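**Student:** Take a look at this one; I'll ask things after.
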Amino acid sequence: MAAEDLEPVALSALQHWAYCPRQCGLIHLEQAFDDNLHTLRGNAEHARTDQPGVETAKGLRVERALPLWHDALGLNGKADVVEFSRSGTPYPVEYKHGSRHKAADIAACDEVQLAAQALCLEAMTGRPVLEGAIYYASSRRRQPVCIDEALRERVRQITQAVRAMLASGQLPPPLTGPQAARRCKQCSLHDRCQPETLGNSTLRALRQHLYEPD
Amino acid sequence: MELLNTLYVTTPESYLRLDNDTLRVMLEDDTRLRVPLHHLNTVVCFGRIGLSVPLMHRLAQEGIALVLLDDHGRFMARLEGPVSGNVLLRQAQHRQALDAAFTLDTARACVAGKIKNTRQVLMRGAREAKSDEDRAALSRAADDLAASLRALPGVADLDTLRGVEGEAARQYFGALSRLVKPDLRASFNMSDGRNRRPPRDRLNALLSFLYSLWMNDCRSALEATGLDPQVGFLHALRPGRAALALDLMEEFRAQADRLALTLINRGQLRAVDFQEREGGGVLLATEARKTVLVAFQERKKEEIQHPLLTQPVALGLVPLVQARLLARAVRGESEPDGQRLGYVPFITR
Ligand code: SF4
């Protein structure tokens, strides 16, 4: 298949998939979007990054809400902020609500998205992008992220997995085990997903006794 | 999940307009009400209500549904922004609707939900009955419903299923008047069982109105979930009929019935609150409608324990919870062990 024929995968979908494949399916397959406190805060952060502003510090040129794409991987989306050095090397900065003291595995989901932006920027500008940063709004700190080969490989794998899911039209199952315990609570789609109702013994019992009077 | 409000506008000739971030209800030149938009998720207009196009745009943009009903509470139209609808889920639903086994299984579950919940209404009535005659009649009807329920698994096709359902409904409505306080029965009885279009007695008029409210909420819940409210399993497809909303509503009918009985037995609605029209049709009067709407809204705020959720949930959100369970069945999602359970209706105690 020619690269241009690849159905593009949204950059944000990679982060969603890394967090939970079902969340990714609900958003990108079923177009569900439910605001909860977390996403509302996130939107407020993004509203700020969408505002035009002049960044004079260090003589950087700053592009906000910059369209990005990668034809060979079939990715597209937007970067919150990309700083271009005088020499023209791009440095993507992804804005996240919350603090940089997130659990490592959840922070890793943000890193995947950032790395995907870096790959897009490399393909678009022809310059190597070896570092980017995640800006955590609550702690107002930038966390530099090295775009290493392991992260690049994750981007490629997740892109494929997301594309396969979109092509199949099948919604992935909910998370289970300790991951579910930690991630579902904070998930913006929790109410829609109702993960606790799957594999629920009460549901099974209700179904079994549906035709018996009590 | 947050239960946002539905604004019901019932006063004829009211005019709704946008005023910054609030919805303003005008009557002639007076402002009657101001509601911040972020408190709303639905605006329901009964009959001749006017509204401005800027307001319609804003409602669509904010994802607040606008529903237009006629004077009798019958559905006329609904305005919804572009985010609603989910083509893949709908496609799955349409495919399932052509699958006889899935259709029968889902329809059967809906009927079971209805029979179980209405049976609870009768059993509670029997426990609280003041006379032996009432108690005996209510228990007998509850036994009949139990028999209908037990017959469901053996039903092999939709026509037979609808027959069982119809018979259960006849038995139920035959006994329902006995739940009205004896001294009020002269005014509120169902002499001919359930009738509609138009209702011909007060109890029927009240039930029709409450059913239309639940129906509207079920429809909204399905649309919010991305299901097609017109493609049902128990109810046959018919142009203009929200068959799936009718399917989903079956399990909530008992809720409407309970509220109707409460309103009557507490004297919140009296015989004079109904108008008898030439030829025998009976209508709930405009003022009394407000009483019913307030009571309905209050009831929806009451928190209940849904058997499948860990936290209490407002009754008004249960249609949404159920619509999502229905979506799960429609997608054919399996349990972790690979088994498919199918739809499970909301059963009350
Ligand atoms: S609630 Fe849990 S399983 Fe469901 S989408 Fe969110 S993270 Fe995934």
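Using N, Cα and C of the backbone, Cβ positions are placed for all residues, glycine too.
In case it's useful when we look at the structure, here is the feature table from TrEMBL:
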- B:GLU165, B:HIS235, B:GLU250: Mn(2+) binding site (BINDING)
**Student:** Going by DSSP, is B:HIS235 (Mn(2+) binding site) sitting in a helix, a strand, or coil?
**Tutor:** coil
**Student:** Across all chains shown, how many C-beta atoms besides its own are within 10 angstroms of the C-beta of B:GLU165 (Mn(2+) binding site)?
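**Tutor:** Step by step: centre on the Cβ of B:GLU165 (Mn(2+) binding site), count other Cβ atoms within 10 Å, giving 22.
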**Student:** Under 8 Å Cβ to Cβ from B:GLU250 (Mn(2+) binding site), same chain, six or more residues apart: give me those in sequence order, or none if nothing qualifies.
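**Tutor:** Result: B:CYS110, B:VAL111, B:GLY113, B:LYS114, B:LEU234, B:PRO345.
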**Student:** Does anything in the same chain, at least 6 positions from B:HIS235 (Mn(2+) binding site), have a Cβ under 8 Å from its Cβ, and if so what?
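**Tutor:** In sequence order, B:ARG241, B:ALA243, B:LEU244, B:LEU246, B:ASP247 meet the Cβ cut-off.
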**Student:** Using an 8 Å cut-off from the Cβ centroid of B:GLU165, B:HIS235, B:GLU250, can you name the remaining same-chain residues around the Mn(2+) site, in sequence order?
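**Tutor:** Leaving out the recorded residues gives B:ALA107, B:CYS110, B:VAL111, B:LYS114, B:ARG162, B:LEU234, B:LEU246, B:ASP247.
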**Student:** Going by DSSP, give the three-state secondary structure for B:GLU165 (Mn(2+) binding site).
**Tutor:** helix
